[in-house]
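A.B. asks: Please see the structure below; I have some questions.
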Amino acid sequence: SVGFKAGVKEYKLTYYTPEYKTKDTDILAAFRVTPQPGVPPEEAGAAVAAESSTGTWTTVWTDGLTSLDRYKGRCYRIERVVGEKDQYIAYVAYPLDLFEEGSVTNMFTSIVGNVFGFKALRALRLEDLRIPPAYVKTFQGPPHGIQVERDKLNKYGRPLLGCTIKPKLGLSAKNYGRAVYECLRGGLDFTKDDENVNSQPFMRWRDRFLFCAEALFKAQAETGEIKGHYLNATAGTCEEMIKRAVFARELGVPIVMHDYLTGGFTANTTLAHYCRDNGLLLHIHRAMHAVIDRQKNHGIHFRVLAKALRMSGGDHIHSGTVVGKLEGERDITLGFVDLLRDDFVEQDRSRGIYFTQDWVSLPGVLPVASGGIHVWHMPALTEIFGDDSVLQFGGGTLGHPWGNAPGAVANRVALEACVKARNEGRDLAQEGNEVIREACKWSPELAAACEVWKEIVFNFAAVDILDNK
């Protein structure tokens, strides 16, 4: 007779272990689980632990050839979500041996691979991950980080200013370069390729890189400030992407860009390593994130994607604005902004942070606020994001009635006025509009911008909200 009992057994017998004490080296995950009717939460939580680690649907004889106790994921706690019917937070601990060192790709393949198609669950969302220091240390992380970036750019004590060049598609390379030059000479620190600008028939990448480099060196010479343009190196293959990054380095520009979710984590980590080795900053766009993170009960929360990016590598990442046209509730946004910038972040459920995270000196990432923001938002943005951030005004620069350069001037004046007021001890949350109005008196460009955008509001409730306490 065979030495094991065939047949199907309940997951919870093996994978639900409420008495388990988590180890410092475990990767911990918090899943929001919605079981199918009739499936008990312990079975659902155990099923998640099993399917994302060593389990399969039946007992197999090869189980006897290894030590499941050493390698299995364990569901060690389950809590009911207040105010939601049939939703639970299942906490799962994974032994570190299950993951390849330095590979975000492998980590996600395990933790959020097959398990999301699992029939016993109606829906499943990964809310947070605790990455243990032992695993963090196998990653290079951001190519440079916040302090090195400030030193490279020689810009201190204020947020950085950016602008996405619009119309995003259709401009020729020369006209695109003109738009870049006007924005940079007006006072912005950066301009940006839109995420879907790669290498299209109307503007091939090499032409764009050349004209943008010319624009930024010209603006640099005129203003005496270091300028940058995020040259989007995203391409159809890793080799092509690196070829574009090499060309950017040869031109002597300071920064390139990547769409990390559509490009993929393997490509992103490859580019991040190249950028560190060659002194390029790396701006990260999160195109496609809402496909993954927008549903409250299914998918992956953006704070997990943000943590993954810090491990994979990037110096800037888009993180919502709290005040503009794109998703972002204040407490939640600030929660993952801290996870991007700080070295040590305490568990804080009021901000959606399920685990204490120690980054053990991995460089930080600058959050980028972008999307539907304009000069009237400047006090709120300065207040919410603080100095270590990039504020990006696309339409809020190029939509200025007098053109790009005056639009850039308006934004720079508004920013400098807000920073000055804050440093003098004024409360931007209360006096913000007053600060902007005062600045209008000596900046006609700002006054014109304030007139254009005084009525614009994007009034929609955020989809991503915290559970009732």
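Cβ atoms here come from the backbone N, Cα and C positions, even for glycine.
Residues or ranges marked as active site, proton acceptor by Swiss-Prot: Lys166, His285. Per Swiss-Prot, substrate binding site is recorded for Asn114, Thr164, Lys168, Arg286, His318, Ser370, and the stated evidence type is sequence analysis. Summarising the annotation, Swiss-Prot assigns Mg(2+) binding site to Lys192, Asp194, Glu195 and lists sequence analysis as the type of evidence. Annotation source Swiss-Prot lists N6,N6,N6-trimethyllysine at Lys5. The annotation N6-carboxylysine is assigned in Swiss-Prot to Lys192. Sequence annotations record features per position, and here Swiss-Prot assigns site 'Transition state stabilizer' to Lys325 based on sequence analysis.
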A.B. asks: Show, in sequence order, which residues other than Lys192, Asp194, Glu195 on the same chain lie with their Cβ within 8 Å of the centre of the Cβ atoms of the Mg(2+) site.
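C.D. replies: Close Cβ neighbours, site residues excluded: Thr164, Ile165, Lys168, Asp193, Asn196, Val197, Tyr230, Asn232, Met257, His285.
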A.B. asks: What whole-number Å value do you get for the CA-CA distance of Glu195 (Mg(2+) binding site) and Lys168 (substrate binding site)?
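C.D. replies: Cα to Cα, Glu195 (Mg(2+) binding site) and Lys168 (substrate binding site) are separated by 9 Å.
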A.B. asks: Just to verify: the residue among Asp194, Glu195 with the fewest other Cβ atoms within 10 Å, which of the binding-site residues is it?
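C.D. replies: Comparing Cβ neighbour counts within 10 Å for the binding-site residues Asp194, Glu195 gives Asp194.
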A.B. asks: Looking at the binding-site residues Asn114, Thr164, Arg286, His318, Ser370, which ones sit with their CA no more than 10 Å from the CA of Lys192 (Mg(2+) binding site)?
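C.D. replies: Cα within 10 Å of Lys192 (Mg(2+) binding site): Thr164.
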A.B. asks: Pick out which of the recorded positions Lys166, Lys192 has the most other Cβ atoms within 10 Å of its own Cβ.
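C.D. replies: The residue with the most neighbouring Cβ atoms within 10 Å is Lys192.
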A.B. asks: Which of these binding-site residues has the least crowded Cβ, counting other Cβ atoms within 10 Å: Asn114, Thr164, Ser370?
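C.D. replies: Asn114, out of the binding-site residues Asn114, Thr164, Ser370, has the fewest neighbouring Cβ atoms within 10 Å.
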A.B. asks: Would you kindly give the Cα-Cα distance separating Asp194 (Mg(2+) binding site) and Lys166 (active site, proton acceptor), rounded to the nearest Å?
C.D. replies: 8
A.B. asks: Taking Lys168, His318 as the binding-site residues to compare, which has the smallest set of other Cβ atoms within 10 Å?
C.D. replies: Lys168
A.B. asks: Per 10 Å Cβ neighbour count, which of the recorded positions His285, Arg286 ranks highest?
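C.D. replies: It comes out as His285.
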A.B. asks: Rounded to an integer, what is the Cα-Cα distance in Å between Asp194 (Mg(2+) binding site) and Asn114 (substrate binding site)?
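C.D. replies: Between the Cα atoms of Asp194 (Mg(2+) binding site) and Asn114 (substrate binding site), the distance comes to 33 Å.
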A.B. asks: What binding-site residues in the list Asn114, Thr164, Lys168 lie within 10 angstroms of His285 (active site, proton acceptor), counting C-alpha atoms?
C.D. replies: none
